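Shown next, in structure tokens, is the structure this report addresses.
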């Protein structure tokens, strides 16, 4: 029994596990702290999916149309519910009035065009009559006036495609430039109050800082209110008046659509003996031209706003120290400074032995030291056993 107890005591004195050598360089082998980890691929995918030019698979065109139609329906329902009773009554009256006017136009279209034909001829034969149309188009460029599209259609109705387009094109460039300068100077207070909080123009302001003349041309092609767009662009300090005039001149070919529609209306008004097939061709050309202009304008508007959103994401990433989406991640946020890591290592509590520090408590037995189990319980047991024998005797 004493021998077994002694061997058991020695076994308990042995280390529980073998001594593991500490890492040679805690800085090199330690795990990266959580604040220095790179951005995960999921986050990059989220940024890339937000970009309209990313390579992520998109939904079909049919699904996009259905989704946009559903969104438009919900917006209309919400807008209708927010109207007061008086506003709802006025909206119903306006809808009924529009239906009546369309019906009257379809029934009495020949009489309407016949009455307009002499008016167009007198205007065309009037000396300097084109200056009236030029002045009307020029004035329509200043906010908050309306009627710009009507003046272009009248130009085609009265003067036809070549001459009518030349009149409105030159007037558009001159009017837009003057409206731009006026909105930046004498009308600046009114313009900021009018369009300063418009989210559409706030988004376009960011794109102008990156894309310059290209985005200016896209803005001029967008189906935005003509006079309001002139005023809004004037609030962007990065736009130069000459660049704005150049962009307006570059997109004047779009006016051919409106002028062409006006010329077709003039043909319907001036030719009383036109057969049905010719009338149908003119009507079809009007519908196709209008639809083409609306579609192109809508597509350009969507792409312009998408570009604005992409640049907004890039600005946010640049502010946070990240890189733009869709580009190769060259360097991301990381605490790679060895000095900082060394300072952090000094503050940590190390469980490894350090030769530079005084000796600390250890569970390992030094061979030079006396075994604590060599004396103590064994001697006491021997003493107790001896006393027992003496007592028995």
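Here the Cβ of each residue, glycine as well, is placed from N, Cα and C on the backbone.
If you look up Swiss-Prot, you'll see 1-88, 147-164, 263-279 marked as topological domain 'Lumenal', on the strength of sequence analysis. Per Swiss-Prot, the feature N-linked glycosylation site maps to 82. According to Swiss-Prot, the transmembrane segment annotation covers 89-109, 126-146, 165-187, 242-262, 280-300. The annotation topological domain 'Cytoplasmic' is assigned in Swiss-Prot to 110-125, 188-241, 301-393. Annotated region 'VTT domain' per Swiss-Prot: 156-265, in sequence order. Per Swiss-Prot, region 'Disordered' is recorded for 374-393.
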For a three-state summary based on DSSP, what are the helix, strand and coil counts in the topological domain 'Cytoplasmic' (110-125)? 16 helix, 0 strand, 0 coil
Report the DSSP secondary-structure composition of the topological domain 'Lumenal' (147-164) as helix, strand and coil residue counts. 17 helix, 0 strand, 1 coil
Under 8 Å Cβ-Cβ from the topological domain 'Cytoplasmic' (110-125), and at least six residues away from its ends along the same chain, one finds 132, 157-159, 265-266, 268-270, 272
If you count the other CB atoms within 10 A of the CB of the residue listed as 'N-linked glycosylation site', including all protein chains displayed, you should get 8
Given a Cβ distance threshold of under 8 angstroms, which distant residues of the chain, six or more beyond its ends, lie next to the topological domain 'Lumenal' (147-164)? 116, 120, 123-124, 129-130, 133, 136-137, 140-141, 226-227, 255-256, 258-266, 269
